[in-house]
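Feature list (source: Swiss-Prot):
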| type | residues | note |
| --- | --- | --- |
| DOMAIN | 6-247 | domain 'ABC transporter' |
| BINDING | Gly38, Pro39, Ser40, Gly41, Cys42, Gly43, Lys44, Ser45 | ATP binding site |
Amino acid sequence: MGKEIISSKDLHLYYGKKEALKGIDLTFNQGELTAMIGPSGCGKSTYLRCLNRMNDLIPDVTITGSVVYKGKDIYGPKTDNVELRKEIGMVFQQPNPFPFSVYENVIYGLRLKGVKDKQVLDEAVETSLKAAAVWEDVKDKLHKSALSLSGGQQQRVCIARVLAVEPDIILLDEPTSALDPVSSGKIENMLLTLKEKYTMIMVTHNMSQASRISDKTAFFLQGDLIEFNDTKKVFLNPKEKQTEDYISGKFG
């Protein structure tokens, strides 16, 4: 078992008076890819956004409980959210490159950190794009707009942008749902490679994707964590009937 890297304890989230997360206790280990599954509106994306305080940007949200990362509660008063999001990066459902060149997209976070050395920036661009399995596609287009790329290429550039600041954890909110099967397959293969270096937590509606590439799976339903275990156990021998019914397609 890997070393614990981030965990939530008794995490509740309310949109106004509506309780969207009902006391979630969950621990993630270093170097593992965890899939979070469940029907739409079950709380999995809401939970994911709690792990780097993205929900702070939503009006009328109340959060109680704790999320402990590197021994500190990220909801404590001394947390710098900008620094936190460099260490716990996020990739969204829709590719969201900035309206800049591919090169400027990748080094965006490094520029924020004050990095100016061209050699350092050049190396970071190549290393990150290679890690995101898109270097060969874009190496001759580095100074063209990232918006001119295909959807799959844009998503991989967004992943490279996260990798460039060398995070500990990468959060992925349905990163392949807007892409065609070929692009999705490329991203899945890339995630399997990245798992050797990063901890990843991924929301997905794709059951076969979760079973193929994740080490652990968490099943959410109506704001509750129903089951969390090794992926093989969740899919082949779930402990809870609700998990079995969801995986077998009886609801969702």
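Any Cβ shown, glycine's included, is placed from N, Cα and C.
Sequence features annotated in Swiss-Prot and their locations in the structure.
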residue: Gly38; record: ATP binding site; contacts (Cβ under 8 Å, 6+ apart): Lys44, Phe219, Phe220, Leu221, Ile226, Tyr246
residue: Ser40; record: ATP binding site; contacts (Cβ under 8 Å, 6+ apart): His205
residue: Gly41; record: ATP binding site; contacts (Cβ under 8 Å, 6+ apart): none
residue: Cys42; record: ATP binding site; contacts (Cβ under 8 Å, 6+ apart): Phe220, Leu221, Gln222, Gly223
residue: Gly43; record: ATP binding site; contacts (Cβ under 8 Å, 6+ apart): Leu13, Ala20, Leu21, Lys22, Ile24, Phe220, Gln222, Gly223, Asp224
residue: Ser45; record: ATP binding site; contacts (Cβ under 8 Å, 6+ apart): Asp173, Glu174, Val203
Quiz item: Hey, for the ATP site built from Gly38, Pro39, Ser40, Gly41, Cys42, Gly43, Lys44, Ser45, who else sits with CB inside 8 A of the CB center?
Solution: Thr46, Phe220, Leu221
Quiz item: What three-state secondary structure does DSSP assign to Lys44 (ATP binding site)?
Solution: helix
Quiz item: If you draw a 10 Å sphere around the Cβ of Lys44 (ATP binding site), how many other Cβ atoms fall inside it, taking every protein chain shown into account?
Solution: 28
Quiz item: So for Pro39 (ATP binding site), how many other CB atoms are inside 10 Å of its CB?
Solution: 14
